[in-house]
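Have a look at the structure below, then the notes.
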Amino acid sequence: KEFILVGLSENQGVQKICFVIFLLFYMIIVAGNLLIVFTVFSSQRLNSPMYFFLSYLSFVDICYSSVTAPKMIADFLVENKTISFVGCITQLFGVHFFGCTEIFILTVMAYDRYTAICRPLHYTTLMTRRVCSQMVIGSWVGGFMHSMVQTLLTSSLPFCGPNKIDHYFCDVHPLLHLACTNTYAVGIIVVANSGMIALSCFFILVVSYIVILVSLKSQTSEGRHKALSTCGSHITVVILFFGPCTFTYIRPSSDLSEDKRLAVFYTVITPMLNPLIYTLRNEEMKSAMKKLW
């Protein structure tokens, strides 16, 4: 009926410090990403597809971190870190739904940059508002389908033994260790589903940026600087998000204690840094925020 979450640390002193740090992190995530959403929708200058996708990325970041961070922060102050079975499965669904949606949106943003830099004359006809909306809807649908597979596979397993999850949120790998049955086949499906989505999207992103960098040779120095400025922030986010995420899900379930520390990067750190990365390196965004204030 319920599980016990071990959390990031069982040391009471460390937990109090973590409470303050992660509460601050979560406040920055919500405030920073909301600021980007309001700025994009209130500014008439930020009407390009890049900012359209960025606003949805910020919205997904808020949802994604809100699935895990509030529960983790609250658990730092309590001794019994319990979560109901229904709450655990709901959290599992939310983590994979918003996480996979973010992966697809980041991939779509890479395609947008490729089209803008490598095919500038066709950009306005290729990236219409209708096409952009369809890409965003496709990202949500893809995330939902991926999450449903993970959730249905995990929730159908029998849990009749230990109920202690060595993590700060409910995820597939920790739950597979608690199932009272052989989970080898399920583990392979999980790797094929989560791992291959992360790895294939990361491969597409790498290839697209190699093509972009090669195409920059034929452009002027001003054009190269502007392209590298917009792509640099996106590459930074991709590395911070896909690195830990791919490492966690591309391999079979294991007992590595580093998993939950790596999960902090793609559930808390990346959503917190996204607003800083995309605003500090973008003059249009900074000027639009000043005008909004």
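Including glycine, each Cβ sits where the backbone N, Cα and C put it.
Summarising the annotation, TrEMBL assigns domain 'G-protein coupled receptors family 1 profile' to 32-278.
Taken from TrEMBL, the feature transmembrane segment covers 20-41 (among others).
Feature annotation from TrEMBL assigns transmembrane segment to 53-73 (among others).
Residues or ranges marked as transmembrane segment by TrEMBL: 93-111 (among others).
Per TrEMBL, the feature transmembrane segment maps to 131-149 (among others). Listed as Cβ neighbours of the transmembrane segment (131-149) (distance under 8 Å, sequence separation of 6 or more from its ends, same chain) are residues 49, 52-53, 56, 93-94, 96-105, 108, 111-112, 189, 193-194, 197.
As annotated by TrEMBL, transmembrane segment applies to 184-216 (among others). Residues 96, 100, 103-104, 106-107, 110-111, 113-114, 117-118, 146, 149-150, 153-154, 157, 172-173, 176, 223-224, 227-228, 231, 235, 238, 242, 245-246, 249-253 of the same chain, all 6+ positions outside the transmembrane segment (184-216), place their C-beta atoms under 8 angstroms from a C-beta of that stretch.
What TrEMBL records for 228-250 (among others) is transmembrane segment. Outside the transmembrane segment (228-250) by six or more residues, the chain places 50, 99, 102-103, 106, 109-110, 113, 117, 173, 190-191, 194-196, 198-199, 201-202, 205, 209, 212, 216, 259, 262-263, 265-266, 269-270, 273-274, 277-278, 281-282 with a CB less than 8 A from a CB of the stretch.
According to TrEMBL, the transmembrane segment annotation covers 262-280 (among others).
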Contact set, same chain, for the transmembrane segment (20-41): CB under 8 Å, 6 or more residues outside the stretch: 51-52, 54-55, 58-59, 61-62, 65-66, 69-70, 72-73, 76, 268-269, 271-272, 274-276, 278-279, 285, 288-289, 292
Integer mean pLDDT for the domain 'G-protein coupled receptors family 1 profile' (32-278): 84
